[in-house]
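The following features are taken from TrEMBL:
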- 39-75: domain 'P-type ATPase N-terminal' (DOMAIN)
- 313-337: transmembrane segment (TRANSMEM)
- 358-382: transmembrane segment (TRANSMEM)
- 431, 432, 433, 536, 584, 607, 641, 721, 722, 723, 765, 771, 794, 795: ATP binding site (BINDING)
- 431, 433, 791, 795: Mg(2+) binding site (BINDING)
- 881-901: transmembrane segment (TRANSMEM)
- 928-949: transmembrane segment (TRANSMEM)
- 969-986: transmembrane segment (TRANSMEM)
- 998-1020: transmembrane segment (TRANSMEM)
- 1026-1052: transmembrane segment (TRANSMEM)
């Protein structure tokens, strides 16, 4: 076709200049307006001037040229190792700047430390980080290649030709077959199904596995064959690319007709075609301008509160470093004097010029910065990130106690930078529907014509009766109809008895006013309903059981098999023409359809929230309004979800006048949604009330017990729901969420002051935006740590507004999960997530950070005390490699082990005594008092380590009878430091396992192996003094006596303090330890209390299946930063992967898929 001449295909194509002599209707091609774009279908030359982006996508961060500079830049101020969203204060860039400064100073002979030993540890950290970045980016590149090289049939010269996705351009006509994925955002033109409809699955976009219907414009239904499609020359004027998945505004101009386009005509990239042989579509948005790619942004970065407090600790360390260096600089300026002639001061060295004390002090200051720099721990960054990464991927993700066998869904830590935040949560903000409840709606009761139907007793009513002491008798009948979505019994309506009731014809409304899609055989027993919400499916199921069986749908009609009104057992198929559908949204809170009966009668049916329906009722019928209002209050008090039903008969003239305005609003390019809402107001008035429906959404399993446990842990729970107050309050009571105050959002300060004194708060009738505002109010106004949990798209803003966001992979898709920090399948798993994993993570990270502070301060202070004996000259006490490897090797592994495996009490006791969690809320283990205590003992131990070693060595001699030199003493002191700090770590452990013994023993052994090898060779001049030192030391009794005496003396003060503290001022967990000290802990370390007897056989089998390679994504280290395409990748590789909603939240590894794709090509 003509569109293929004059330009090159490809994602990054260079568009060829088109000569003005070419007849391409230049008068038709207009510059792209800011508000919309114009696409010429089937005409590449006309689209060339617009320079639309290609369809090639790239999610990589680097290329060959930018990798090294950009990678170093990101490490200097961007993202740390092992976690893409974390921003620790200890960026490697700070160490890089320090090391570069040190290297710069070496060139001026001011640094006492070798540049190699000073920079090498940091270089190792950066190398590991860059290798990790390169590996992650390579995996991204493989994913991109797999997608870009996928093929689709494109119209070319009146025939379908397989073309790589990356060569698609805006305006191309493509053909997508059943189960195929749409390669770009397409304008739906035609399908093999009748009436131009197709069925799509949007699981890769929002996690919803229920099918959606899309309908092509009637004008384009015939464009199916290549010959016919070649004739299509339409012009599309539509909105500019945006990230709104559920809106689309545009017009199709064809044959001088302007036809409005809506989301029903848009097929989004990443969705798949179902139950349709093939469709034909025109490319509208490509590559990074498609809606799915514009939604593939990173979740807003969050930092834990403990990390922010760590900032202050690091600043404190810098302050201490500055003061130490300043003191040394002043001392150096005072000490330097010609009377010490034997020191041979030389004017040629400015740092030792007695005539210029100011310069001496300044140069000494910078020298001491280099010498004392180990006080700022480089390895803290690597260790903390590694610990948190393993905690997330291995412990939280693999905890069987948070595995939901029914949905085959494990817990998922989508980020590793908030683990410890889970142990300090004070406020939980929870959605109700789908979070506290199951979101499995069942039709339970109804009110028709002022009469209540339905004899059941809801779960909330039973809870209310228990609370008030009233006995409720529940009559169970064996002949009650039970099916998914229907839990109703009333002899007046069931089994055809509705014919004898007044207003009996009202039972058919739920069968007409909906957007449900039927699937399967057209029989009541085997048909399945695909609905946008479970409420709609429940209402249609109820209508079926009342005798109005909806079994078939086309774009313009609904077919209902109705029981005969007069003759029992007789049925008749009735087809209703659907003229207009006024869809539900969070603003309208209602849905309407205009239908034409077979006899030509026009009726508007409307269902929605009671507040919006009552506003639009006609003036008459006040008695029915009052009775229904009372019934709505009763339903709400029973914890049921209510909808009001109403209708309006329309005259042809009224409808035609209104429909003209509706078509005009539907064709608008600007503010289409607003105009459609305004037009809907014109016809949704003077309604006649039919009645109300009541749907039960039962509480999830374990919710009351979970909330009661969390409350005992000191956590305050707020429920934010759009339900009416009566419903929300009774749900709160049933969930054991005791309501102390009923509040409406009005004045922020008043709300905050009152609610902070409540143990629980229920906010009713709140919108999604108000949910986020309430969360932010407590987070910022009260400065408390918050957690938001929800399961739907309306909870996303609330989840992102809290310190920690938890998504539930439930019935409303995966939008909440994709925006969350942690994902679980059930609300009750919060107990395990917070009281076990959260509390343990908080305790472990606190210990890791304070221990790093202690061991680095202890080591640096021994060098500091030595400075007083050297005239503040900057003479080093330790060998360069001793100093460089202290944090990297000799003390690195034990602190990682304690960060992974230390636990004060086991998981069962953590949940048995939830009050232990309050220590995290109060931040007991990372207060300045705790830091000051560690600092005190660091100073004490450094004094003991330095002065005892120095004092004892003053009279010690080696085997040759010679006194020990400075390197003998420093090696002895360093050996004592390594042993002391490693033994101190064992003292702070709550439980000691073989891993603790291996790590501590291995670290000490690593020091001896290193020093034996290092001192066994003659090294360059800078290190020659260390030669044979360890062998000389170990040949003396002094070595072994000092090795025993000094660590014991150094740790004696800690031992006494810990004993006094535990005996007289115990922490809560220490009391629990004493209570249960004789009980054996049979839990398995590493898998967090996963016992062999904790799962039923079915759960164990389901978990084993989930662990198979084809079922579970392999973690690649860079998960959660792009949309989930696991099923897509697998399909491209020829592998069948069952679609699971939670796959969207897990990033698939492409290694095997890519290799298979390569072999195929």
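Counting starts with 1 at the first residue shown.
Cβ coordinates come from backbone N, Cα and C, glycine included.
Just so you know, TrEMBL annotations are computer predictions that nobody has curated.
It is 998-1020 that, among the stretches 358-382, 928-949, 998-1020, forms the most Cβ pairs under 8 Å with the transmembrane segment (969-986). Residue counts for the domain 'P-type ATPase N-terminal' (39-75) under DSSP, helix first, then strand, then coil, are 14 helix, 2 strand, 21 coil. Of the two recorded stretches, the transmembrane segment (928-949) lies close to the transmembrane segment (1026-1052), with three or more CB pairs under 8 Å once pairs fewer than 6 apart in sequence are set aside.
Comparing the binding-site residues 433, 794 on other C-beta atoms within 10 angstroms of each C-beta gives the minimum for 794.
Counting only the Cα atoms, the space from residue 431 (ATP binding site) to residue 791 (Mg(2+) binding site) is about 8 angstrom. Listed in sequence order, the residues of the same chain lying 6 or more apart from residue 584 (ATP binding site) and placing their CB within less than 8 Å of its CB are 590, 591, 608.
Same-chain residues lying 6+ beyond the ends of the transmembrane segment (881-901) with a Cβ under 8 Å from its Cβ atoms: 113, 117-118, 120-121, 124, 374, 377-380, 383-384, 386-387, 390-391, 844-845, 847-848, 851-852, 855-856, 859, 970-971, 974, 977-978, 981-982, 985-986, 988-989, 991, 993, 995-996, 999-1000, 1002-1004, 1006-1007, 1010, 1014, 1023, 1085-1086. Here the Cα atom of residue 795 (Mg(2+) binding site) is found 11 Å from that of residue 433 (ATP binding site).
Over all protein chains present, the Cβ of residue 795 (Mg(2+) binding site) has 31 other Cβ atoms lying within 10 Å. Looking only at the domain 'P-type ATPase N-terminal' (39-75), the predicted model's pLDDT averages out at 83. When Cβ atoms from all protein chains are considered, those within 10 Å of residue 641 (ATP binding site) total 21, not counting its own.
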